[in-house]
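Data first, discussion second: the structure below is written as structure tokens.
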There are 4 protein chains.
Amino acid sequence: MSDVKKVVLAYSGGLDTSVIVKWLQETYNCEVVTFTADIGQGEEVEPARTKAQALGVKEIYIEDLREEFVRDYVYPMFRANTIYEGEYLLGTSIARPLIAKRLIEIANETGADAISHGATGKGNDQVRFELGGYALKPGVKVIAPWREWDLTSREKLMAYCEEHNIPVDFANKKKKSPYSMDANLLHISYEGGILEDPWAEAEDDMWRWSVSPEAAPDTPTYVELTYEKGDIVAIDGEPLKAHEVLEKLNKMGGDNGIGRLDIVENRYVGMKSRGCYETPGGTIMLRAHRAIESLTLDREEAHLKDQLMPKYAEVIYNGYWWSPERRMLQAAIDETQKNVSGVVRMKLYKGNAIVVGRKSDESLFDESIATFEDDAGAYDQKDAEGFIKLNALRLRIAAGKGRKQS
Amino acid sequence: MSDVKKVVLAYSGGLDTSVIVKWLQETYNCEVVTFTADIGQGEEVEPARTKAQALGVKEIYIEDLREEFVRDYVYPMFRANTIYEGEYLLGTSIARPLIAKRLIEIANETGADAISHGATGKGNDQVRFELGGYALKPGVKVIAPWREWDLTSREKLMAYCEEHNIPVDFANKKKKSPYSMDANLLHISYEGGILEDPWAEAEDDMWRWSVSPEAAPDTPTYVELTYEKGDIVAIDGEPLKAHEVLEKLNKMGGDNGIGRLDIVENRYVGMKSRGCYETPGGTIMLRAHRAIESLTLDREEAHLKDQLMPKYAEVIYNGYWWSPERRMLQAAIDETQKNVSGVVRMKLYKGNAIVVGRKSDESLFDESIATFEDDAGAYDQKDAEGFIKLNALRLRIAAGKGRKQS
Amino acid sequence: MSDVKKVVLAYSGGLDTSVIVKWLQETYNCEVVTFTADIGQGEEVEPARTKAQALGVKEIYIEDLREEFVRDYVYPMFRANTIYEGEYLLGTSIARPLIAKRLIEIANETGADAISHGATGKGNDQVRFELGGYALKPGVKVIAPWREWDLTSREKLMAYCEEHNIPVDFANKKKKSPYSMDANLLHISYEGGILEDPWAEAEDDMWRWSVSPEAAPDTPTYVELTYEKGDIVAIDGEPLKAHEVLEKLNKMGGDNGIGRLDIVENRYVGMKSRGCYETPGGTIMLRAHRAIESLTLDREEAHLKDQLMPKYAEVIYNGYWWSPERRMLQAAIDETQKNVSGVVRMKLYKGNAIVVGRKSDESLFDESIATFEDDAGAYDQKDAEGFIKLNALRLRIAAGKGRKQS
Amino acid sequence: MSDVKKVVLAYSGGLDTSVIVKWLQETYNCEVVTFTADIGQGEEVEPARTKAQALGVKEIYIEDLREEFVRDYVYPMFRANTIYEGEYLLGTSIARPLIAKRLIEIANETGADAISHGATGKGNDQVRFELGGYALKPGVKVIAPWREWDLTSREKLMAYCEEHNIPVDFANKKKKSPYSMDANLLHISYEGGILEDPWAEAEDDMWRWSVSPEAAPDTPTYVELTYEKGDIVAIDGEPLKAHEVLEKLNKMGGDNGIGRLDIVENRYVGMKSRGCYETPGGTIMLRAHRAIESLTLDREEAHLKDQLMPKYAEVIYNGYWWSPERRMLQAAIDETQKNVSGVVRMKLYKGNAIVVGRKSDESLFDESIATFEDDAGAYDQKDAEGFIKLNALRLRIAAGKGRKQS
């Protein structure tokens, strides 16, 4: 363990990662660089500076990555209408590649030879951090304290704090919750506690970002989202940066009880786990993106996107953002978004994000052809006969040869 | 046109198909057999008998196919969590194969050499009827009046009625609506009218099966759905047949404002069209089925199902139910449903169908492994290191050789 | 039929398309522009000029498209290791989009409002020409004489020639064969005649581009192919243009009895047909491309390419080169080819194209890790245990819960 | 290490696994049960009995599994036309699930709590053995000596033999080769030695099962293979069991220089490796199966099979035979094979396995429709116009709206 000289730690400023700072210094006898990022988790990041200093850290990185996070990670992912296992919007998964990238960049800047994080050995996040790290700096040493140390209970952790003079008020007060939580601009997640019983309904006071549908206003909110090349660039006509869009939609969605989700999911490490998620803005964005695509995408590219999406979601969920297969899929997805521009009108009401209108200069909807009224020859109904007969030909031949069709 | 002796017509009893009866008799100088089925469209089918008799039809088939429809078509489709283009639950598509099958069976019974239907030359339904017909009886003659005749406007149709003494009250009174509609136990659909402008919001009085979320009760309804091998067999503990399940869920969903959908979709014949759908029971079923699968399916079979689903949906939407590729996909899907048994608890509230609990004797959720508490050695966190390092190996090698990863 | 003013015809200079020139002039009373291209079919194209002039054609296009054909169509297709139905290298399919594109460009240059071709109503080529035409000029009128006229037998065609003074020596002498053939730089195809019986072995004198394996030299030929970004740029160290590469490989392959294929394939129009193909250079290229990719592609992008390939092949076979889905797939494929550079060494011998060596500066093959000898710690075998145990976790949980695994 | 009481070892009778017997007895102080199977590797298995006895083994299993191997593993795999990474016929991969299954069954019979094998920590085989073991007996203990011990060089191994009185003539004499080899009825594989340089051509004297194409007879061999439901049941009219088929085809193929392969492949553990394979019978079978399918499969099921195949191959290669996803894919594949019956005629000549004819009572090839001659109305060429126009509709609309198509 003597071969690590300097390690960059993903540091939240909370109790656990503060313990890790100390444990790394002691166990590896190395210098610790802390990296704390604002990715929209809704807590001040600046206080992490004093705490890190108190722990003897000399190189402290505190950064506002909200715009980069939404623009370069969330937005590209939403271009694919990405959902994991039919339900999950990948709120945690999509934040990890950015953290991994900054950990490595900071390691390169500071001459560190290792990185470290506070994720446990049972979850997906360790995988995401470490795959990213290895992909971007193949020789990096990764230290995952939760897989190594023996501080395996809250009591042992507290004893360690006392022994090492780590102020216990480093513990995040807001997190005095029975749940394991994670938050960023895209979502907040809850695991553990009574959620470990999949039959138990989540308690209403668990949720933090949204009111319940019951508590939401009795009148709907309408909103217009303007898309350019697959990304939202304005809300109700007001141009906004990527993270401002998501902040605003989170507010609107949360106020209207939108975006709560309660699922059992399959982790990459092989177990099922139960999680609850609040993704107010993302829930609106998913629906809206499909709506603008419904006007502007060709049918076959839309269907091909749908067939590739589960794989793309799996790649991100499993932690392979920094991989050739993700870039390959992204190239295909981005190729389709050139004309995904226009406006979607939505109605938000008590948990519902309803598309009520969509329009686009790039629309492929052809009213003159689709109409139930006289189409003035735009479409020749007689063409359908040949279309059907040749599409049926293989079936007719098979049936004619006595093949059973049912 | 003289070569048709007898034709079986999918006959609704409405004005359009009544005109078709007469037109077939005149144009093809042939006998017409009518076939009218109750598939849960919510209208009496028996009145079709008198109308058909009045038109001189001698062989009249009127059948209650509700149970067969849900059991053999809707249920198998829901085992795949089938959605077309991310939104549409295929309510119209899934009813057509059954109609096609009965048309052919009746043709065989009555010695008819042709079948006919009232679908237009622009839509998907003509394709679905005819592909089914050709697949099941390759030599059948198909007559699609809307592609052949010149009764291309409401005025011409009315003139034809008058000329041929077809009582205009054959026109379905309930359908005095500006929309083209289609209904069965799974859904009711709306097209045409102001919906031809994708920017226009659907009028609230268009919807027939559900109240608006706003008008739904202020208190939620809870319901428990019991699954056996992927299909719902009981509601709140009461065993029900397939069609009874759907009828009950339609009522519960509709009462709670659940299942409205407003989309632009891509038709198989090549155009985009705007449609609104009410699928109250189906919307609940989709969510519930995913929930019971989340406990009982292995991860990899679940992911493979998700990758195959868009193709399966496309096959059904395009009218290829009676095809080798549908059977092939069904075999894969059904193979996975052997253990999809258990109970899902849902909360229905103002448009929301929310999963709040799920349990199963076949559950693969392992609390002892997933727990955030001490797992007593059920899972060795150290295994994760090797797992990650070998999964990262190809990325590390590439990065080590200087490959750009971002 | 009076609304066509000028039509651009894909004109081979042979008898059939000469009849079409005359038939178009007569039937549509329109001007005909002929377009004849050298795409490596192995016949002079210049003689088409005199013939067209003799038929009264004023605007005559004769072009050498060999380089463009291989560079912009064949090469991109081979980047995907494209094979249709496990066997067919798409030699005919890939030439059609280029012809369609030039037909439309010439129509635009000459102010023509229609295009025409000599493909029959049973085959794939009509689809490929016309889909391309419609995609590039949506309002174009397409005339497919074989679907319209009554010259349905050789006798009627000859009678028409006599009647209209079309010299019968316009008939392609080389094609005095019982087979329907098509050739370009990628392949020559044979259909019809005794091949219509799938049990009948093709006669040895049918084949034109290759000797039989039996007749090939008794000593092997070795060749080295240099790749840059997925394309061959040099043979045995000599830099060559795309079409020169293919010409040279056709010669080498043909001399060594390589590239004969005899299959039954599924046409897009719904029937099965039996075809024989000679693709000497393409057969070598496919093997070689896979070999250079085996060194330079990441595993997951390679596997994803393999999963997408059948769809990509289908898109091309069916005639959708000029489509959003082809561009989407191409974007994914091309993204993977950035590092597909290096040299493949092959042995050509009596029908066999054998890879015997491959090397690359971009190689991801890591001898120090792969070795059976001492790897000096490059790979820690103990990592495999965790890798396997976590990959097995879902299976162990399922088995532990009593799930049947066999 | 004291908790293992009895371990079942996959025992070849060779030197390495003999050392493992001793090492297991010493290290774990446990009883060893040996299991030796004839799966067509071409060596006597009975001698393993005396060797095991000499090592003090009391429970010795020696079994002829050739028929089961081909019938229940090789044949199902070939129904899918399975190839890994476009080249590899999975000869090693497909034998492992059977070995794993027997190891577990014997463990259950003998009351053993552990299994062991002689695969190294770098390869795929450890994964295949262990995934199978865990899937079939979740609580089994797996011992992989190569990942645990320090006998990491040939010298140390020999020293261990001397020290423990293991006769060195246990070393497989036939294997006095510079290559690491593995053989069963489907193939023999070679790795290591000079093959670790991917640019080096394999030496001709490495190959054992086939003559070189150069050394093969100058006259071709014709053979007829009879299929029933996707499997070969007779050769040249003579009914044979599955393993007899493969034995005979191996002989015929090997005699004609068929089935040599030289590739670089991607291992599941993350590295590339170079391997050479001889698969004479399998190479013939793959071609023949595609040929009989070309007559008897519907187009869409054939294409869907092709799209699923790479995934199926990956599942087997990675060791997941005993998994829900393999069963799911197998269900889809087997559903398609009901009509895959008939006869394929092949010509074997100097490395070439050429299909020259195929016939079937279940043929979907319709000569009356496919013919270039007068088809007497079996196919109406005019249908093609509507077919093309509707297939082009989406492209025409897009182009009409100004979308760039190239």
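We number each residue from 1, going along the chain as drawn.
Every residue gets a Cβ built from N, Cα and C, even glycine.
Per TrEMBL, the candidate among C:Ala37, C:Ala80, C:Ala135 that belongs to the ATP site alongside C:Ala10, C:Tyr11, C:Ser12, C:Gly13, C:Gly14, C:Leu15, C:Asp16, C:Thr17, C:Ser18, C:Gly118 is C:Ala37. When the candidates C:Tyr75, C:Tyr277 are compared with the L-citrulline site entry in TrEMBL, which names C:Tyr88, C:Ser93, C:Asn124, C:Arg128, C:Ser180, C:Ser189, C:Glu265, the shared residue is C:Tyr277.
Contact annotation for chain D: of the listed binding-site residues (C:Gly118, C:Thr120, C:Ser180, C:Ser189, C:Glu265), C:Thr120, C:Ser180, C:Glu265 place their CB atoms under 8 A from a CB atom of that chain. Counting only same-chain residues six or more apart in sequence, the Cβ atoms lying under 8 angstroms from the Cβ of C:Arg128 (L-citrulline binding site) belong to C:Ser93, C:Arg96, C:Pro97, C:Ala100, C:Asn318, C:Gly319, C:Trp321. Residue density at C:Ser12 (ATP binding site): 23 other Cβ atoms are found within 10 A of its Cβ, drawing on all protein chains shown. DSSP assigns C:Ser93 (L-citrulline binding site) to a helical segment in the three-state reduction. Within 10 Å of C:Asp125 (L-aspartate binding site), counting CA to CA, the binding-site residues C:Ser18, C:Tyr88, C:Gly118, C:Tyr277 contribute C:Gly118. One way to see the shell of the L-aspartate site is to take the Cβ centroid of C:Thr120, C:Asn124, C:Asp125; the remaining same-chain residues with a Cβ within 8 Å of it are C:Ala119, C:Lys122, C:Gly123, C:Gln126, C:Val127, C:Arg128.
The 10 Å shell around the Cβ of C:Asp125 (L-aspartate binding site) contains 20 further Cβ atoms across the protein chains shown.
Residue pair C:Ser12 (ATP binding site) / C:Asn124 (L-citrulline binding site) shows a Cα separation of 18 Å.
The shortest Cα-Cα distance between C:Ala10 (ATP binding site) and any of the binding-site residues C:Tyr88, C:Asn124, C:Tyr277 is the one to C:Asn124. A 10 Å radius around the C-alpha of C:Thr120 (L-aspartate binding site) takes in none of the binding-site residues listed as C:Gly14, C:Tyr88, C:Ser180.
Close to C:Gly118 (ATP binding site), meaning Cα to Cα within 10 A, are none of the binding-site residues out of C:Tyr88, C:Asn124, C:Glu265. The distance from the Cα of C:Ser180 (L-citrulline binding site) to the Cα of C:Asp16 (ATP binding site) comes to 12 Å. A Cα-Cα distance of 18 Å separates C:Asp16 (ATP binding site) from C:Ser189 (L-citrulline binding site). Ranking the binding-site residues C:Ala10, C:Gly14, C:Thr120, C:Ser189 by C-beta neighbours within 10 Å puts C:Ala10 at the top. Cα distances from C:Gly14 (ATP binding site) to the binding-site residues C:Tyr88, C:Asn124, C:Ser189, C:Glu265, C:Tyr277 are smallest for C:Ser189.
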